[in-house]
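Step one of this worksheet: look at the structure below.
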Amino acid sequence: MDNLNNTVEESTDLGAVLRKGKEILLQGFNWESHKYDWWENLEKKVPDIAKSGFTSVWLPPAINSFSPDGYLPQNLYLLSSSYGSEQQLKALLQKLSEYKVRAMADIVINHRIGTTQGHGGLYNRYDGIPLAWDEHAVTSCTGGLGNQSTGDNFHGVPNIDHSQHFVRKDIIGWLQWLLCVGFQDFRFDFARGYSAKYVKEYIEAAKPIFSVGEYWDSCNYSGSVLEYNQDSHRQRIINWIDATGQLSSAFDFTTKGILQEAVKGQFWRLRDPQGKPPGVMGWWPSRAVTFIDNHDTGSTQAHWPFPSNHIMEGYAYILTHPGTPTVFYDHFYDGDDSGHEQIVKLMEIRRSGEIHSRSSVRILEAKDNLYSAVIGDKICIKIGDGSWSPSDREWTLATSGQRYAIWQKKQ
């Protein structure tokens with residue numbers, strides 16, 4: 001699936017980034033970040049973020065919101081939020097630009113909190129603020145006068161009807177404005193809520209450098225036990241990517257779900273029946289954005305957390321494998337110093353070993369207590385309690401930690 005039509009690749013800025021495949025993202029917040037002077041906090045960390053090798057920082061929703069976390073937006077053009085003032089945000093964006101790290105905007109356009117009661121007595125009008133839509137901008141299934149939703153409903157609030165031309169025109173104008181403010185990348189929140197064809201339209205019109213969608217649905221379970229075969233789960237994510245015209249990547253929830261069970265002593269899960277990595281990474285690595293945890297799955301929400309005593313094994317896996325890896329703020333800055341140092345070392349090995357989003361993976365072992373693989377032609381990894389090391393003398397140990405070791409080929 002990685003032999004893309006060249007016209008798609010050449011026609012957008014996104015294509016250049018995807019061809020290089022060298023991105024490493026930082027999620028620059030958690031669920032509690034709004035309680036602190038967040039823009040100022042991040043601005044102080046920009047030199048370290050750049051020095052560590054991150055290419056982009058995903059920021060929380062930087063706009064006026066009904067909830068302090070930013071995920072119930074109201075006035076999309078008001079940049080003062082619980083995370084800080086407009087001036088503080090612009091200072092952060094300027095600092096990131098100086099250090100050549102891109103800022104990723106969190107694009108929350110599935111739902112929007114109204115200002116005024118309209119049809120049915122619901123707050124489904126947006127009087128008195130920019131993008132002053134009426135009830136026709138809200139889907140009929142969430143109390144508006146628009147059409148049925150083209151995706152899943154985000155319950156309890158007005159969902160935006162993207163099938164309306166005036167809605168799409170206004171959203172495109174807002175996305176283009178965000179780029180003028182200083183954002184360069186987009187993360188599409190709750191991407192299941194509306195048709196991916198609209199994401200394609202928004203990317204084509206606004207031209208962010210890199211885009212990633214949050215297409216999150218449940219993995220396949222038998223009772224509480226994760227099934228071995230997650231092909232239908234990763235296929236749904238791939239279908240979404242395809243429907244964006246292949247212009248957006250997507251978070252690899254399949255790999256997260258499998259990896260966090262594998263590290264508990266079920267490493268056989270990390271090889272699919274075709275001998276490939278079992279997540280989206282195994283089928284379409286240049287569009288797979290891998291991660292261990294985020295503000296929803298981890299942090300204080302802990303909806304689906306990675307086991308805390310296996311965090312570094314998780315990073316050893318995603319930072320040495322194809323796909324575009326993402327590091328979570330909590331693991332990088334809120335743990336002990338050794339965690340920060342180990343992740344930085346893994347990122348260094350990724351660069352020096354010339355691993356990119358399309359690197360080949362040759363899985364050597366995948367059993368209960370041991371996983372080993374050669375990635376590209378310069379990196380070899382072992383994860384788990386099992387004893388293992390490469391037999392050839394051409395390999396030299398590059399780093400090791402609790403239940404993982406990585407070797408590089410001697411130059």
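Backbone N, Cα and C define each Cβ position, glycine as well.
Automatic, uncurated: that is what TrEMBL annotation is.
If you check TrEMBL, you get these features:
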type     : residues : note
ACT_SITE : Asp189   : active site, nucleophile
ACT_SITE : Glu214   : active site, proton donor
DOMAIN   : 23-362   : domain 'Glycosyl hydrolase family 13 catalytic'
DOMAIN   : 350-409  : domain 'Alpha-amylase C-terminal beta-sheet'
Return only the integer: C-alpha distance in Å from the residue listed as 'active site, proton donor' to the residue listed as 'active site, nucleophile'.
5
Can you tell me how many other Cβ atoms are located within 10 Å of the Cβ belonging to Asp189 (active site, nucleophile)?
19
Summarise the model's confidence over the domain 'Glycosyl hydrolase family 13 catalytic' (23-362) as a mean pLDDT value.
98
Helix, strand and coil totals (DSSP H, G, I; E, B; other) for the domain 'Alpha-amylase C-terminal beta-sheet' (350-409):
3 helix, 31 strand, 26 coil
Neighbour count (Cβ, 10 Å) for Glu214 (active site, proton donor):
20
